[in-house]
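Trainee: What TrEMBL shows for this protein is this:
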type: REGION; residues: 1-23; note: region 'Disordered'
type: TRANSMEM; residues: 58-77; note: transmembrane segment
type: TRANSMEM; residues: 97-118; note: transmembrane segment
type: TRANSMEM; residues: 138-161; note: transmembrane segment
type: TRANSMEM; residues: 168-186; note: transmembrane segment
type: TRANSMEM; residues: 210-228; note: transmembrane segment
type: TRANSMEM; residues: 240-261; note: transmembrane segment
type: TRANSMEM; residues: 276-295; note: transmembrane segment
type: TRANSMEM; residues: 326-347; note: transmembrane segment
type: TRANSMEM; residues: 359-377; note: transmembrane segment
type: TRANSMEM; residues: 384-402; note: transmembrane segment
type: TRANSMEM; residues: 414-437; note: transmembrane segment
Amino acid sequence: MSDVTTATTPGDDDAGSSAAADSPIATQAASDFALDTAPRDLRGAIDDSIARLKGGQLGSLPAILAIIVLVTVFGAVSPDSFLSKINFANFLEQSSAVIVIAMAVTFVLLLGEIDLAAGFTAGVSAAVLATRLEEWSLIPALIASMLVAMLLGSFTGFMVARVGIPSFVVTLANFLLFQGILLQLVRQGGSVRIDNQIVKDMVGGSMSPAVSWIFTVTTLVLYGISLVRRQRMSHGAVPVSLIAIKWGLAAVGAAVVTVILNQNRAFPNAPAPIEGMPYVVPLVLVLLLVLTFILTRTRYGRHLYAVGGNAEAARRAGINVTRIRLSAFTATGLIAGIGGMFLASRVNSVDPNTGANDTLLLAVGAAVIGGTSLFGGQGRMLNAVLGGFVLALIPNGLTLVGKQDIPGFGEVDFGSSGIKFMCAGLALLLASSVDALSRKRGT
């Protein structure tokens, strides 16, 4: 990214902010979302995409290919269980918390930073929610848990942005600090049960089939309006045929998902049917849309990409780099708190392992595998979703594959923790290698 020498008057925040919002670095940093001003047809759009791929801008393509490969392999090896309706719904529920925490760490990854304590931020927030629900109603308990999550994120951001300690050191220390807070909140190794039905239904509950269809149709209509508006704003740069293809693919995919989820997925002889889209699907989708809007359609989002791409150039353009860094860690804390709420909802309780173990590693891995760069300045919220699907598919599929006889190795238990960790680690290593090589190729 080229340097910028735009002069700004000291103390003139409005002028500096305006210059920064329209500066070349902000525009280039958010290039994933920029629109060409030259009119083109569908062939031109395809040629542009191919050119970006050849230039090393792979985006989410590796994650999409990984999802296709994993679904194909697991579906072929264990079709009855992996491709079942109940497993599909369980998969969406299992991946939700990691996806949300991956969205959280995306904010700091875009700056080239890291938050190793995001998992325990989620755990502490969940513990505050669970303990407050014992005495308070839902709304005050939710507010308290989100405020605590923001406070923890702000503390991390202050130490990084104001004090100047490297984020790796600060968040490693906070990893231990927040773990200690979690242990105190859950009474040294015990657990706090959640009885609030609304919280329990966030991940475990489902909408009725009728409401599921209403949600799907409404979402598709809003998506279509967004695509048409973007096409008009581009003054013909985005071909109508491309808009139609995007909406058509989204409509087919959404319809298939809704049809599958609306079928009864309860086991035979179950006392009641289980059907409808899980509540967690619209919750995660709404969060994805809101965060994507913030990153792609606001001045703050452009500043975030600019700082991640070249902090010194961003500073010269008038962007308050310290404030951006502090706010990014605060946002990470808040969104991680939402992820903690999903963690608690899935098991209806909070214990010392909530947000611990491999939660943070999977969240960071999900963002990176989805296409967010570890070097900053490149990535989207959608990357966290796609990467989260990849990392959720691995343990889900391996568990259902179970024990298999492999020539030369004998019986191998693919559902063991060792195999799962090795596969997830290899996936993350491969994604990081692709990121590094693509950036080297693009320079």
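All positions are counted from 1 along the displayed chain.
Using the three backbone atoms N, Cα and C, a Cβ is placed for every residue, glycine included.
Keep in mind that TrEMBL annotations are predicted by a computer and have not been checked by a curator.
Have a look at these and tell me how they're positioned relative to everything else.
Mentor: Sequence-distant contacts of the transmembrane segment (58-77) (same chain, six or more residues past either end, CB-CB distance under 8 Å): 32, 52, 83, 369-371, 380, 382-383, 386-387, 389-390, 393-394, 396-397, 400-401, 404, 427, 431, 434, 438.
Within the chain, the transmembrane segment (168-186) has long-range Cβ neighbours (under 8 A, six or more residues past its boundaries) at 114-118, 120-121, 123-124, 127-128, 130-131, 152, 155-156, 159-160, 192, 350-352, 354-356, 360.
Proximity of distant same-chain residues to the transmembrane segment (240-261), defined by a Cβ-Cβ separation under 8 Å and at least 6 residues beyond the stretch ends, is recorded for 41-42, 45, 85, 88-89, 206, 212-213, 216, 219-220, 223-224, 227-228, 230-231, 275-278, 281.
Beyond the ends of the transmembrane segment (276-295), by six or more residues, the same chain brings 30, 89, 92-93, 96, 99-100, 103, 106, 110, 201-209, 211-212, 215-216, 219, 257-258, 261-262, 301, 304-305, 335, 338, 342, 380-382, 385 to within a C-beta distance below 8 angstroms of the stretch.
Tertiary proximity for the transmembrane segment (326-347) is limited to same-chain residues at least six positions away from its ends with a CB under 8 Å from its CB atoms, namely 93-94, 96-98, 100-101, 103-105, 107-108, 110-111, 113, 115, 118-119, 121-126, 129-130, 142, 145-146, 148-154, 156-158, 160-162, 194, 199-204, 280, 287, 291, 300, 304, 354-355, 359, 363.
Sequence-distant contacts of the transmembrane segment (384-402) (same chain, at least 6 residues past either end, Cβ-Cβ under 8 Å): 60, 63-64, 66-67, 70-71, 73-74, 77-78, 81-82, 87, 90-91, 94-95, 98-99, 102-103, 106, 284, 288, 362-363, 365-372, 413-415, 419-420, 423-424, 427, 431.
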Trainee: Do any residues of this chain, six or more beyond the ends of the transmembrane segment (138-161), have a C-beta under 8 angstroms from a C-beta of it, and if so which?
Mentor: 113, 115, 117, 121-122, 124-126, 128-129, 132, 167, 170-171, 174, 178, 196, 198-199, 322-323, 325-334, 336-338, 340-341
